[in-house]
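Per TrEMBL, the features are:
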SIGNAL    1-20  signal peptide
DOMAIN    36-99  domain 'Glutaredoxin'
Amino acid sequence: MVKIVTTLFLLTTIFYCVQSRDNNKLIHDIIRDHEIVIFSLSFCQPCASVKNIFRDLNMKFFEFVIDHQGEDSFEILDILSLLTGRTSVPQVFINKKFVGGYKEIQEMYENGTLVNFCDCLDCECSMETY
Ligand SMILES: *[C@@H]1O[C@H](CO)[C@@H](O)[C@H](O)[C@H]1NC(C)=O
């Protein structure tokens, strides 16, 4: 009996570990591996505006659409809010640093500081969506 219970427990644990994606690692890896990352939601107008700004400047970005992640979406929002202190989207990271949302990107676009990143980034317009 004890053996059966132990076996069941082990199987459940293994199943759980295989099932659950390590979202924390995923988010950190994405931020580490891409120069510009936009965490967005589909049907979010400020997210579309931010993407248009980067397209306009020919700055390549990686878009992570949070609501495309199924039941992991909620955990991902929690992880991001711990990282950035925000619950709104878009959340934009450049060179692994959180630079802000729509307001900040729009201001950096208007005051000319956003395009300065092109000196060190691969500014060739293309888009990746996860
Ligand atoms: C441009 O706007 C950004 C975002 O608001 C701000 O942090 C930065 O100091 C501004 N730079 C200049 C030169 O105005």
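Cβ atoms are placed via backbone N, Cα and C, with glycine included.
Bear in mind that TrEMBL entries carry predicted annotations, made automatically and left uncurated.
The residues of the domain 'Glutaredoxin' (36-99), classed with DSSP into helix (H, G, I), strand (E, B) and coil, number 30 helix, 17 strand, 17 coil. Confidence annotation: the domain 'Glutaredoxin' (36-99) carries a mean pLDDT of 96 in the model.
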